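These come from Swiss-Prot:
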type	residues	note
DISULFID	CYS99-CYS114	disulfide bond
DISULFID	CYS148-CYS193	disulfide bond
DISULFID	CYS192-CYS201	disulfide bond
DISULFID	CYS224-CYS270	disulfide bond
DISULFID	CYS269-CYS277	disulfide bond
DISULFID	CYS302-CYS313	disulfide bond
DISULFID	CYS384-CYS393	disulfide bond
DISULFID	CYS416-CYS462	disulfide bond
DISULFID	CYS461-CYS472	disulfide bond
DISULFID	CYS485-CYS501	disulfide bond
DISULFID	CYS500-CYS511	disulfide bond
DISULFID	CYS582-CYS591	disulfide bond
DOMAIN	19-210	domain 'Albumin 1'
DOMAIN	403-601	domain 'Albumin 3'
MOD_RES	SER111	phosphoserine
MOD_RES	SER115	phosphoserine
MOD_RES	SER344	phosphoserine
SIGNAL	1-18	signal peptide
Amino acid sequence: MKWVVSILLIFLLNSTESRTMHSNAYGIASALDSFQCSPEMNLVDLATIFFAQFVQEATYKEVSKMVKDVLTVTEKSTGSEQPTGCSENRLSAFLEEICHEEEIPEKYGLSGCCSQNEEERHNCLLARKKDSPASIPPFQVPEPVTSCKAYEENREMFLNRYLYEIARRHPFLYSSTALYLASHYDKIISACCKSENAVECFQSKAATITKELRETSLLNQHVCAVIRNFGPRTLQAITVTTLSQRYSKANFTEIQKLVLDVAHAHEECCRGNVEECVQDGEKLISYVCSQEDILSSSIVECCKLPTVELAQCIIHAENDDKPEGLSPNLNRLLGERDFNQFSSKEKDLFMARFTYEYSRRHTKLAVPVILRVAKGYQEFLEKCSQSENPLECQDKGEEELQKYIQEGQALAKRSCGLFQKLGDYYLQNAFLVAYTKKAPQLTPPELIALTRKMATAAATCCQLSEDKQLACGEQVAGLIIGQLCIRHEESPINPGVGQCCTSSYANRRPCFSSLVVDETYVPPPFSDDKFIFHKDLCQAQGVALQTMKQQFLINLVKQKPQITEEQLEAVIADFSGLLEKCCQGQGQEVCFSEEGPQLISKTRAALGV
């Protein structure tokens, strides 16, 4: 699945150094150091993506004007000797264009950002990005007649408008990904406009690209949040893990080099440096293909594809198998050395080497699980250093680390057991009760959306073979929890959620699993308005009826977060009885008005609220 294999996109180092310093600081040659601008780069499209993502509410006309103005200025400043599309760094010029005329900053509330210096201005504008803002309606694919006419009249403008529409709704989407999706959209429009049934063609194919856009955008947003909140050390561990699993036959030095380069590329993408994001991506893909013999045989076929398909093929390639001949455990990786005698830098390098060795031996494990193993191993080594016989203690490390895998396996088994027993809807309700207790400050729609994702993940992962369920579940849970943490970052939920989100990336999921009830939450005074029942409960069907029932469940738990399972079952049984009684007769509204208050009185007495 995409979210599993595309976790390759999470990488290292919050660095703003030039490429030369990026290379020299680590003593490792970089594939990105030779800056050669691509004459084929479409700067109009890239600038459109930039302005649409940084000024999301700007109209297409306003964005087009900014694009025209800034490219006129930058083309003059670069001179005529350089090929079209060649500039060391247009990012500053793009940022200046947003602020240099008063109309845009004043109209869209950017004056505060624009009053700051260059770096602070950039960070301020980045912080204003909002994924799928409420003020912008969801993108709808235009009906075929209109689309095909516009496409035939001016294909370039049609696709540029598409880039504007998706970029403003998905401000964290990498520019390289946006261009890929636009090329995909181009093929869909071209094919469907020639189809006998254009409407059906548009509906089916547009649904596919919309799903891909949504998933990729969420993944890119997750990566940028990791870079923003956890910094170099955590990201280094994630990167080493991912690349060591992907290219398990590659040596440690090659992995280190690739980590640094990919890190720099992702940093630039997250900063909104649309031009460098694309160029770095192209150079990385070229480098990986030039090293296919060293890295992996699995990318050989990918490297024969055209550029656009090539990148997607490499990103979505499966992890290599564990190399033959590796020692079964890593107990003696330290040899006769005492971990606590290492300097801080030596400890970091050793842990990177341990993570590399462990990951290439466990290519099927989820990245978060290996991160917990590495974190636990470092704590174990530090503990051994305090013992009477450190070397003897260190030899028991492999056995000590099994508990992290076993904890995850037990949770996966328990979750899939519940899914098999309850099915999607009732499993979602179980998640709903649990997360309403953990985060009662979330609104009912937020809780329903969050737990629906969890239930969908269970439905997907639990269909896999048992050996794949853990990795699947951990990866999806990491992304879902990541979205919850982004929500907390924008508007704090409660201290417990904040602690889980910020204390340790590796331990996020176990932290949320162990979180039970928000002890700081004070239930609001009981309100009858939240528990008034009407005949629409009898008329609703499918998802609409399920949502009504779930809202009742949420309001109930919010009123009494300490509600026991037995109390909950009793109230649900009474509620089901009410529906059965009132929905069978003719006077449904009268029945609810008479029986509903009695149910609520009984419930309040039983719960003491």
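Every residue number used here counts from 1 along the chain in the order it is shown.
Just so you know, glycine gets a Cβ as well, placed from its N, Cα and C.
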Original post:
Near CYS591 (disulfide bond), how many other Cβ atoms are within 10 Å of its Cβ?
Top reply: 19
Original post:
When the pLDDT values for the domain 'Albumin 3' (403-601) are averaged, what is the result?
Top reply: 92
**OP:** Pull out the disulfide-bonded residues from the set CYS114, CYS192, CYS384, CYS462, CYS472, CYS500 whose C-alpha sits within 10 Å of the C-alpha of CYS485 (disulfide bond).
**Re:** CYS500
Original post:
Tell me, which disulfide-bonded residues from CYS192, CYS224, CYS461 are within 10 Å of CYS99 (disulfide bond) if we use the C-alpha atoms?
Top reply: none
Original post:
So, in DSSP terms, is CYS472 (disulfide bond) helix, strand, or coil?
Top reply: helix
Original post:
For CYS114 (disulfide bond), which residues in the same chain are close in space, meaning a Cβ under 8 Å from its Cβ, but six or more apart along the sequence?
Top reply: ILE98, CYS99, PRO105, ARG121
**OP:** Compare the Cα of SER344 (phosphoserine) against each of the disulfide-bonded residues CYS201, CYS270, CYS313, CYS500, CYS591 and report the nearest.
**Re:** CYS500
Original post:
Which disulfide-bonded residues (CYS148, CYS416, CYS511, CYS591) fall within 10 Å of CYS461 (disulfide bond) by Cα distance?
Top reply: CYS416
Subject >> CYS416 (disulfide bond): tally of other CB atoms within 10 A of its CB >> reply: 21
Subject >> Close in space, distant in sequence - CYS148 (disulfide bond), Cβ under 8 Å, 6 or more apart >> reply: ILE189, CYS192, CYS193, ALA198
Original post:
Could you state the CA-to-CA distance between CYS472 (disulfide bond) and CYS462 (disulfide bond) to the nearest Å?
Top reply: 9
**OP:** Just give me the nearest neighbour of CYS462 (disulfide bond) among the disulfide-bonded residues CYS269, CYS277, CYS302, CYS500, CYS511, Cα to Cα.
**Re:** CYS511
Original post:
Since the record lists CYS201, CYS269 as disulfide-bonded residues, which of them has the fewest other Cβ atoms within 10 Å of its Cβ?
Top reply: CYS201
Subject >> CYS224 (disulfide bond) and CYS313 (disulfide bond), distance between Cα atoms, whole Å >> reply: 22
